[in-house]
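Q: Here it is: the structure, laid out below.
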Amino acid sequence: MEATSSALSSTANLVKTIVGAGTLAIPYSFKSDGVLVGVILTLLAAVTSGLGLFVLSKCSKTLINPRNSSFFTLCMLTYPTLAPIFDLAMIVQCFGVGLSYLVLIGDLFPGLFGGERNYWIIASAVIIIPLCLVKKLDQLKYSSILGLFALAYISILVFSHFVFELGKGELTNILRNDICWWKIHDFKGLLSTFSIIIFAFTGSMNLFPMINELKDNSMENITFVINNSISLSTALFLIVGLSGYLTFGNETLGNLMLNYDPNSIWIVIGKFCLGSMLILSFPLLFHPLRIAVNNVIIWIEITYGGANPEEDPQVSEYTRASNLRPISMTVEDPAQPSDALDATSYNEQECLLPNGNFDNGSIESQENNNDERGTMAVAGDNEHHAPFVKSRFYWITALLLISMYTLALSVQSFALVLSFVGATGSTSISFTLPGLLGYKLIGLDSLAIGKMIPPKDRFYKRCSLLLVFYGLSVMFLSLYVTVFNRSDEA
């Protein structure tokens, strides 16, 4: 698949993946945290999530062809037996959040235009289904840009309302009496809402498709996209979070739009923008969901179905990926003179070191009928995920959409389910898995050619290990808070 994506379109897609409807819940989190702690938590989430994206990008460069990067491929290089588990984490995360978007669409549009909740959920399929059928993430750039305009309007609305009320002197009492500038307002509330901010920057599910489709997928350009995306997302979260909290103080609600006058034309437009943003964000979650489901299906075929790699090209690609090893090795032929072997090894190393950079990958020894010595062949030119063949792309798409719409039409609240989704799925793909992959892969390129790991890579490996412990801590704390709150409600 030809790489056509620019840094601008990749930034738009990544920002739109990160920033969703949860933005309007951040002021509510600030109400419990206070201004100082809320800002610190936002910056902490930005740094840790950005580090996770950067580590994954570094891991992609350990492949001979970085355009083949995916969670699936890297897990097969490092933890083959755990690959299905991480795909399941991706499925849980994307399916759960996508489902919540459909539920919110059904709750939002009837208040704007009338009609039944279920009617609007079904009507959203007119836009969602065509966008879910595109095969390249870059083809969603225009819908992402439209979604960003909708998000920009909401952010400007929240900020301008704060400035307008401040100018009229309406906020004097709130700023003096309600706002906690330096201390935590509600410690129990902090534990209940901290996951809103921590998980706000989840966007790693679309990082690898972005890397694979970038025209210039150098580490510098990828870092540029990540830094811009995290910076823009952080700015939006802080603007909405602080402006919303400083405007309403202790009256701030979980959905900030409910704090405003529902009859105001500006608020009506804002709610319409929110609904549009939900519809346009759905395909960005569906894209990695479909890939993860395909990977799990093929793994089941191999493990329990007795599939034959020689007969099924999908199974063949999966099996080939599962046999990959991250360290390249040369193959010695006893009949070959040592000086010829040295020259061959040097030439092989040159092939594996484009532009002076070693890319880890699997090296398979193949027998050349025209040459007695072993030759090296690179395994890694397969798709960046287990490929879709024949009609599988379409029936996976159909089954997922039917199941998600059926659940959205039949159940109106997924609050508890989404709490567990955030605690497990988000932490796995944002912190734990990037940390595990980074600790295993970063620096292996230097070791493979007999060099010491550079100090910078050693630093990244330590950061990766810290990211694992950070992710596990966040996961267990989030699960504890979810169960604790549930027991209190009971």
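Glycine is no exception: its Cβ is also placed from the backbone N, Cα and C atoms.
As the structure is a computational prediction, the values presented were derived from the model and not from experiment.
From Swiss-Prot, here are the annotated features:
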- 357-368: compositional bias 'Polar residues' (COMPBIAS)
- 355-374: region 'Disordered' (REGION)
- 1-6: topological domain 'Cytoplasmic' (TOPO_DOM)
- 28-34: topological domain 'Vacuolar' (TOPO_DOM)
- 56-84: topological domain 'Cytoplasmic' (TOPO_DOM)
- 130-143: topological domain 'Cytoplasmic' (TOPO_DOM)
- 165-190: topological domain 'Vacuolar' (TOPO_DOM)
- 212-221: topological domain 'Cytoplasmic' (TOPO_DOM)
- 243-264: topological domain 'Vacuolar' (TOPO_DOM)
- 286-397: topological domain 'Cytoplasmic' (TOPO_DOM)
- 419-428: topological domain 'Vacuolar' (TOPO_DOM)
- 450-463: topological domain 'Cytoplasmic' (TOPO_DOM)
- 485-490: topological domain 'Vacuolar' (TOPO_DOM)
- 7-27: transmembrane segment (TRANSMEM)
- 35-55: transmembrane segment (TRANSMEM)
- 85-105: transmembrane segment (TRANSMEM)
- 109-129: transmembrane segment (TRANSMEM)
- 144-164: transmembrane segment (TRANSMEM)
- 191-211: transmembrane segment (TRANSMEM)
- 222-242: transmembrane segment (TRANSMEM)
- 265-285: transmembrane segment (TRANSMEM)
- 398-418: transmembrane segment (TRANSMEM)
- 429-449: transmembrane segment (TRANSMEM)
- 464-484: transmembrane segment (TRANSMEM)
Q: Considering only the recorded stretches 35-55, 85-105, 109-129, 265-285, state which has the highest number of Cβ pairs under 8 Å to the transmembrane segment (144-164).
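A: Top-ranked stretch among 35-55, 85-105, 109-129, 265-285: 265-285.
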Q: Given the transmembrane segment (265-285), which of the listed stretches 35-55, 109-129, 222-242, 429-449, 464-484 has the most Cβ pairs that are under 8 Å apart from it?
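A: The stretch I would name here is 109-129.
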Q: Residue list, the topological domain 'Vacuolar' (28-34) vs rest of chain: Cβ under 8 Å, 6 or more residues beyond ends.
A: 41, 180-186, 189-190, 192-194, 196-197, 241-242, 244-245, 249-250, 252-254, 256
Q: Decide whether the stretches the transmembrane segment (35-55) and the transmembrane segment (429-449) have at least 3 CB pairs under 8 angstroms, with pairs required to be 6 or more apart in sequence.
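A: Counting Cβ pairs under 8 Å, at least 3, so yes.
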Q: Is the transmembrane segment (109-129) close to the transmembrane segment (222-242), in the sense of at least 3 CB pairs under 8 angstroms with a sequence gap of 6 or more?
A: no
Q: Within the same chain, where does the topological domain 'Cytoplasmic' (450-463) have neighbours whose Cβ lies under 8 angstroms from its own Cβ atoms, ignoring anything closer than 6 residues to its ends? I mean 6 or more beyond.
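A: Hits for the topological domain 'Cytoplasmic' (450-463): 51, 55, 58, 438-439, 442-443.
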Q: Quick one: find which recorded stretch in 7-27, 85-105, 109-129, 429-449 has the most Cβ pairs under 8 Å with the transmembrane segment (191-211).
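A: Answer is 7-27, with the largest number of Cβ pairs below 8 Å.
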Q: Would you mind giving the whole-number mean pLDDT across the topological domain 'Vacuolar' (28-34)?
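A: Value for the topological domain 'Vacuolar' (28-34), mean pLDDT as a whole number: 83.
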